[in-house]
Every structure is written in structure tokens, then in C-alpha cells.
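Asker: Dropping the structure in here first, questions after.
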Amino acid sequence: MPSQQKKIIFCMAGVFSFACALGVVTALGTPLWIKATVLCKTGALLVNASGQELDKFMGEMQYGLFHGEGVRQCGLGARPFRFSFFPDLLKAIPVSIHVNIILFSMILVVLTMVGTAFFMYNAFGKPFESLHGPLGLYLVSFISGSCGCLVMILFASEVKIHRLSEKIANFKEGTYAYKTQNENYTTSFWVVFICFFVHFLNGLLIRLAGFQFPFTKSKETETTNVASDLMY
């Protein structure tokens, strides 16, 4: 492939990576990871509510990795509330999983910025077969994509398996019990998904620029070495 086309491809990949890093940094600070609807089970059972009557007992909340807000309803009007995970909810949430989500998100940001630098260096510098060359690009893209995947898996497990929304809704609620009715991933979660997809796309762009996948190259080299041994 001509040098000019390689520069364009690497520049595109660098811009994509930089946009991903900015997106994930923004996503970390927003309460837009998930939106949940919760039912005041105690109140609904007391009055035997059904159908449209349940709307009076439906609350909702949205939250991210650090803070969130919502409205509780138990038949007596809306009660807005705000919360933060640190330090308010430390005793109510699976702390190890939550901290790992934040940690892998930060690693994702750092590696994505490193990937941006690598792509720009390969576009305008003179890279060789070293860590900052094609091997480095594949390595950073793979690790970054893996971190993005881990963030999504861990967050989904915290929400679904550990019932994070229910724990938040029932936090410091001695009288009423709340049950999750519906949960939807929102903007920030999908930003991480897009970032994961972009790192996969960057791997394809590296291949499009004419650089073999590392494992493919190793197989070809091994085949050549075996052929040479047979000849001699």
C-alpha cells in the first residue's frame, strides 16, 4: 500500500482512539450508565394495586459509577433523592466489582491515549518492527478492547446479578421495600461499547494498512524456517 494511504489510515485510527478516550473520560463522570424503574412493593401490596394504579408506586432512577439521582413513589407523592457510591453506598454494593469497573475504565482511557500516540507516530514517523510499530499497535488495540469488554461485563454483572438498582432503591428505607421493574443501559454504557468496537475496527485498519496479524506472521516465519531446515 502506498505510504500516503497508510498515513491516512493511521491518522483515522488515531482520531478514532482520541475520540474514544474523550468519550470514556466524559462517561466516567456522568450518571448516565443505566436508567431503572422501581416498584414500591410494600405500598402496592397494602392497597392491592393493579393496572394503572401501580403508576402511583413506580419510581425511577439513573446512575453512573460515582453518583446518581432518582424519585421514590409509594402512593404518597414523589420523593426525590440523590446518592453517591463513595462513601454513602459502600456497605450496600459489591465494592470489589465496582472498584474494578472504575479501574479498568481508567486503564482503558490511558491505553487509548497511548494508542493514539502510537498511531500518530506510525503515520508521521518512521516506525520499525518494535513496540511502537505494528506490533505495538496490535498490542495496545487488543488490550484496550479487552479492558472495554471487561468494563461492560463487570458493570452488567453488578447491575443484573447483584441487583444494584434494588440495593440503591432500598438503601436507608426501613419501612418500604422496592423491587426493580425495568432497567435500560443508557448513553455512557454505550459509549464504552462504541469504544470497544472502535478498538476492534482499529485492528482491521492496521491490517488494511498492510501489516499482518502477529500470529499470522509467526506462522509464516515458522513455515519458512521448517522449509529451510528440510533443504539443508
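Heads up, the Cβ atoms here are built off N, Cα and C, so glycines get one too.
Pasting the relevant annotations from Swiss-Prot:
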TRANSMEM  8-28  transmembrane segment
CARBOHYD  ASN48  N-linked glycosylation site
TRANSMEM  101-121  transmembrane segment
TRANSMEM  135-155  transmembrane segment
CARBOHYD  ASN184  N-linked glycosylation site
TRANSMEM  186-206  transmembrane segment
Asker: Can you grab the distance from ASN48 (N-linked glycosylation site) over to ASN184 (N-linked glycosylation site)? Cα atoms, rounded to a whole Å.
Answerer: 27
Asker: Can you tell me which parts of the same chain pack against the transmembrane segment (8-28), counting only residues 6+ beyond its ends and a CB-CB cutoff under 8 A?
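Answerer: That would be 64-66, 102, 105-106, 108-109, 112-113, 115-116, 119-120, 122-123, 137, 144, 187-189, 191-192, 194-195, 198-199, 201-202, 205-206, 208-209.
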Asker: Taking every protein chain in this structure into account, which of the glycosylation sites ASN48, ASN184 has the most other Cβ atoms within 10 Å of its Cβ?
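Answerer: The residue with the most neighbouring Cβ atoms within 10 Å is ASN184.
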Asker: With DSSP assignments reduced to helix, strand and coil, which class does ASN184 (N-linked glycosylation site) get?
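Answerer: Once the DSSP labels are grouped into three classes, ASN184 (N-linked glycosylation site) ends up as strand.
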